[in-house]
Each structure stands twice: as structure tokens, then as C-alpha cells.
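Worksheet: the structure to be examined is printed underneath.
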Amino acid sequence: MDLFLQFLTNGLVVGVFYALSALGLTLIFGLMRVVNFAHGEFYMLGGVVGWFATTYLGLDFFSGLVLVALAMGGFGWVVDRFLIERVRGQGEEPGILLTIGLSIFLVNITLLAIGPAPLKVTRAITEGPIFLGPVTITKMRLLAMAIGVTLIFGAHAIIHRTRLGSAMRATFQDPMAASLAGIRTKQVYAATFALGCTLSALSGMLLASIYSAQASVGGLVSLKSFVVVILGGMGSFPGAIAGGLLLGVAEALWGGYVATGMVDIIGFLLVILILVLRPQGLFSIRAERA
Amino acid sequence: MYRYVLGCALTAGVAAAGPANAQDSVKIGLVEPLTGSVAYNGKSVVEGAKLAVEQINAKGGVLGKPVELVIEDGQCAPANSVNAVEKLVQKDKVAVLVGAFCSSATAAIMPVAQKYKIPLVTGVSSSAALTEQNNPWFFRAAETDALMAKAFAKILANDLKLKSVAYVGVNDDWGRGGVEEFSRDLSALGVKTALTEYFDHGSTDFFTLLTKLRAAKPDGIFVAAETQDGSILVKQLQEMGVQSKVFGVGSWATADFINLTGDAAEGIYAAVPYVSSVDTPRNQEFVKAYEAKYKVKPGKYGAAGYNALNITAQAIARAGGTDAEAIRTALGKTEYKAPNGEYRFTAKGQAYGFDAVLVRIEGGTPKVVASAPVEAPQ
């Protein structure tokens, strides 16, 4: 029983981390319908910029987070206005090719600039185990979970409670009607892309402080994030949380009771099952597009 | 007419320049992972190799020509490594191949080297099966897991007083090989196996694995992992409050590993074929040159690249030409004085005679606990 509780805790922690790292993709892929293969690279850049801010600029962890948010938000805006905009409305394939190209470009620029070595991001608080009865967890993990949950609810509030959020939802439902109603859709697209990019980068820095940042982590992050978004349902924040937790707990239990060496199999098994039984995902906000 | 003359001159010029260029240097092809999860270690091999080439060329090169290193990225993946080798052989026409890093990638390029009849030297790949394939073109200037296990099993069991050990390895043939060899030799000495688990390259969260490990309560934990995976694993061992003694194979005794792992690295043991703190004149000279060039002390892989290149260049010099067959024969007769002992090859192409060391990380530096020569396998 003690073992089960620890496995469950591990799974929930990793699940929140999965949900967090998939948030940016939920916006960009789920809402904007840009199949963003550079998602993992945005995440990676968040870790790398975080490393730069804490190591070279001497900032503390939280100032580093703010810097990452600003820098990567600006970066996302620029990417949308100068790259994504050129292929908008031409179907999904040009976007796929564009983001694959962008991901290759970003990885190799990072390799060129700072090399392949793993980088250490200074942590917000000193690390050490906390024992809650039979369960062990660390302070940094609890903090990361707290920040993660805040970000998830914050992003949800932006989409559903603000004017910008209403404009976003209107634009993605029907761009023509939205622009006729006076919404500046170009700005809305860029804002959404920038927000998605910021969320990816923030999760990248947060998790890099727990693990480590490295130029080549992007591929695996993209893969897991697509699993989470498809499990949860496109564009749904509750779905991303549920998808992340489901994947995290399933992996932890499979690793705990079967074998840790084959743990990646479980995510794909879940995706196949969900696509067969409930193709729109667990929490799809709409089954069909207008 | 003018055009015709110019055309002739150009053609003649190209024809003359072509072969002359090819003979300008002796080309050695190097395939290492420069991207992907072990890219960081692959880069160290390249650094060591470049230093060796620089030193050789400073002394006039081999066969009176400078040595040219042609580097390709094999990504530690079998398919990419094969592509890299095809390119090196077909386009660059290298005399000798050095690489690839991961055992699975090396296993894939061995038949290619045999097909083109080009000698292949690896300074890293340690899966025991490679030298058992009777590939006459293959030479391994590195330890195997079996040889390391044999050299250190007794020291580990007696000096660390281990009664039970948990084995954790990266899920590829190197990791699985290391776990199997060490568990076999330690079991033969009466050490119980508490647990055997594997994880995938690039894993970041080991809490599930460590939960199982903590429940098994072993005296010692054996880990086969490289810098990136290993440093995260050791950090999380501390975060989980696991107190067992940790010892491992892989690039553990390097400055970067210690920097990444922080104080969680204190007290862990590593069985490595090379550590920069070995106090011999030859090694100190090598460390000085490496540090002057790269501002860091060489680790296991820097030394591996350096040794592999020196062995190759010396064999070409002894062969007296770039004829593949002559180089192969010369490689078999290697007597190379490395920073860490003297390398010779068995008939199967397995190196022996060099020293391996067991180090303990204390105060952020690896201290040599024991050293044992790697003997020729029976």
C-alpha cells in the first residue's frame, strides 16, 4: 500500500508536469489548429534562456521566469507575424512543414551557440526530501506543481474571462465573422501564438530547474505533449490536465508494477484506445468545427 | 579558339588539382554523436581526437603528410551512423574509420567497414559482443563491461562490503551489457541481486524506478548511465533520501558530471578506464595539453578520442602507406603508450594492457581508490 501511494504521488507530480508542458500546445495546436512541431523547441529555449538568466545575468529564479516569459512571448509574436502568418489559411500541411523546419533550425542554432552539454538552472529553493507518512516528495516539486496549477488556471481565465479571450475564441470559430465584427484577427493570432510560446517556455524553465536544460530535449517533449493534447481533447484546458494526469499516473503504475524500461509504450496505447473509443478526446470543447 | 584554350587549361588544372588534393593529407573518418542525448559525450571524443591530430601534425604528420580528420554526426543511431560511414568512404575516401560511440551504432557500421575493407577503430563502444563477431577489420581500443566487471568485482564486494546490489541501466545494449556483466561477477562473489531495472535514453523522471529501488533496500546501487541521465538519476537518489552506496560505469568522474550533480555526487564511486588525476608523467603531460586547449580536464571520452586517433595514426605510419590491408596488419601489432598505460590488441581486436581505475568523488574531485590493469580476455 505504501508503495502504491508513492507510485500514485510520483504519477500525479509527473502528470501535472506533463499537463504544464502541454499547455502551450493546447493553445497553438488545440485552439489555433497550427500543428506545432516546434513546441518542444519552445520548451527547450525556455530552459536555455532560464539557464542564461540565472547563470550569466545573475538573476534569481523568479526574475528569471519573468525574463523568460517576456523574451519568449516576444519571440512567439515575431514567429507568428513573420512565419506562421504566411501559411495561414492554406490548410495544415504548410504549417507542419514550417514548424518542422523551425524546430530543426532552433535546435541547431542552440547547438551552435551553447553546445550539446546539459545545463543547470539554479533552483528557487534548496532541495531536500519531505516525508509525508510513507510518501516522499521534494519542496521544488511541490513549488513547481503550485506554479504549474497557477499557470493552468491563469491561462484558462485569460481565454474565458477576458476580452482578449473572447476575441480569440471568436477568431478561431470564424475568422471572417470575427474580422467583420471589428476584431483585429492578425493581432489575435499573434497574441495567442505568443501566449502559447510563453507557456511552453515557462514550463521549460520550471522543469529544467528540476531536471536539466539541454538542446536536444525537444523531440520527447513534443511527443508527450501531443499525446496529452489528443488524450484530453483539442483546445481544452481541463482536458490537458486530465490527459497529463492520466498519462503520468498510467506511466508511474506501469513502471512500478511492470517495468520501467518499456514505459513509453503506455502513452501510445492510451492514444490508440482514446482514438478508437472517443475520437474527440476526453473533454473536447466541440466535436466538429464550424 | 580562346575559349577552347581556356577550357583545356581549366580541365588540365582540375585534373592536376584533383589527385594532388587527395594526396595532400591522410584522411581519418570520425563518426560520433554530435546531436541527440549523448551528443555531449560524443563532443568530448571529438575534442580528444582533434588534440591528438594537432599533436601529430605538429610533429610532421604521418607518411610526411598532415593528418586530416573528417567528422560526421552518427547521432548514436545505427541508421545515421551507417549513412555517415558511407559518406566518409565514398565521398571523402578516408583511410581509416574511427567510431561510432554507442555499441548499437558501432555494430551497424562494422559490416560496412568490412564490405569496403577499411579498418575500423572504436575508442568507446564497450558491448562485449562486438569483438566476438570475428570481423577482421574491427579494433576496440576500449574496455568491455566484462573486463571492467572482472577487474573491479572483488574490490567492490570486499572493500565496500556489499551484501546486496540493485542494478539500474540505460535501456540499450551497453546499459544492459554492463548490468549483466557486473551482476554475474558480483553474484559469483556471493552478492545478492536486489533489483534489476532499465530506463530509456533521455528519461528525466526516475522517481518510479527509485521508489521500487528504495523498497528493495540494497546496500549498493550499480548504475550504467552517461552524464545527462546519470546526473539526474543521482540527484533524484538524494531527493528520494536513498542512502545506499552508489557506483557506476559511464562518464561519471568528469568535471561536468560533478558540476551538474552538485553535492549529490559526494561519495559516489565510478569504475572508469581513465581519470585525469592519475599521477604519471605521460598522463600529466596529456592533461596539461588538453586543459590548455579546452579549459577543462579531460574525461573518459576525451582520452578515448585521443587514444583512438593516436593508435590509428601510428598504425598508418608503421604500415608505410594508406593500403588498408597493411594498416590492418599494423593495427594488430599496436604497442601504444597511452596516458593510461599501454594498449595492445588481441587476435580478436580487443585492447588490453591499460589501467582502469575506481574513483570516489570527494569534495568535488575524483580520488583514485584502486587501480587494476585490464587483462586480455581468455
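Yeah, the Cβs are placed from backbone N, Cα and C, and that goes for glycine too.
Residues of the same chain lying 6 or more positions beyond the ends of the transmembrane segment (A:12-35) and with a Cβ under 8 Å from any Cβ of it are 42-43, 84, 92, 95-96, 99, 137, 141, 144-145, 148-149, 151-152, 155, 159, 168-169, 172, 189, 192-193, 195-201, 203-204, 206-207, 221-222, 224-226, 228-229, 232-237, 239-241, 243-249, 251-252. The transmembrane segment annotation in TrEMBL covers A:12-35 (among others).
Look at TrEMBL and you will find A:65-84 (among others) tagged as transmembrane segment. Nonlocal intrachain contacts for the transmembrane segment (A:65-84), taken as residues 6+ away from its ends with a CB within less than 8 angstroms of a stretch CB, comprise 34, 42, 45-46, 49-50, 53, 57, 59, 95, 98, 102, 186, 189-191, 193-198, 200-202, 204-206.
The transmembrane segment annotation in TrEMBL covers A:96-119 (among others).
The transmembrane segment annotation in TrEMBL covers A:139-159 (among others).
Sequence-remote contacts of a segment are chain residues at least 6 beyond its ends whose Cβ falls under 8 Å from one of its Cβ atoms, and for the transmembrane segment (A:188-213) they are 17, 20-21, 23-28, 31-32, 34, 36, 39, 42-51, 61, 64-65, 68-69, 71-77, 79-81, 84-85, 88, 118-124, 140-141, 144, 147-148, 151, 155, 158, 164, 167-168, 171-172, 178, 221. The feature transmembrane segment is assigned by TrEMBL to A:188-213 (among others).
What TrEMBL records for A:225-247 (among others) is transmembrane segment. With a threshold of 8 Å between CB atoms, the same-chain residues lying at least 6 positions outside the transmembrane segment (A:225-247) that come near it are 11-12, 15-27, 29-31, 39-40, 152, 155-156, 159, 266-268, 270-271, 274-275, 280-285.
Long-range contacts of the transmembrane segment (A:254-277) within its own chain (CB-CB distance under 8 A, at least 6 residues past either end) are made by residues 3-4, 7, 10, 224, 227, 230-231, 246-247. Marked as transmembrane segment by TrEMBL: A:254-277 (among others).
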